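Trainee: The structure that follows is given in the form of structure tokens.
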């Protein structure tokens, strides 16, 4: 049984050997060096992708299903992922369009994805192939500082939710927990200069169209940040409970709506651990699968 998951580029030889572990030390992320490479068109197999004649492992079957789901929902979500080599489902390429009303708008961003041995209990290792001027992404290596890809990862998350989280990161950068200190400093001290340079890089590296960009959003105290801190938006749910999903890249309002839809107990505003079944139902609702 086979299902085709085409890439978006022509057949091009690809090579890459070095993984990029992203680790958090306190409030600082670290990453090792990596190499860039072009994308290539491949297929995804539900039998053993290494062509040994044996059935795929449970992890490989899960990845194959995730890739099929991504392909089926590409027109709605905008994100895409596929293996660079049909014999190996553990090394993927991903892409997503930048969100509108940001310095990156109109650009297409590509990332490298490596699946660890203990996936889905450990997050995929992701770095940007497309250069980007962003406080939570290294301007030199593409390494990413994002809780969702570290301590905030949960086995109910998927490659698709990881890509959606990255897209959301472009909309809501966090200079207070940077991967690139130089970019973060610029965003805090000179938000207009940051927005202009981020847009210049988007035009140069991600194919975004040149345009006049309204930099008012990138002031130190943006209305979006103030809105995110408005406790009334949590409708009686514990903020930390809701923020576990917000840190995956979803809006507070959407998470609260999913909680109400699934029937999550407010527990008098006290934080508690959700059962895995509830986690799955909430994630499905947020992804439009319910």
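Including glycine, each Cβ sits where the backbone N, Cα and C put it.
As annotated in TrEMBL:
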- 145: active site, glycyl thioester intermediate (ACT_SITE)
- 12-23: compositional bias 'Polar residues' (COMPBIAS)
- 58-207: domain 'UBC core' (DOMAIN)
- 1-23: region 'Disordered' (REGION)
Trainee: Using DSSP, tally how many residues of the domain 'UBC core' (58-207) sit in helix, strand and coil.
Mentor: 60 helix, 31 strand, 59 coil
Trainee: Please work out the number of neighbouring Cβ atoms within 10 Å of the Cβ of residue 145 (active site, glycyl thioester intermediate), leaving out its own Cβ.
Mentor: 26
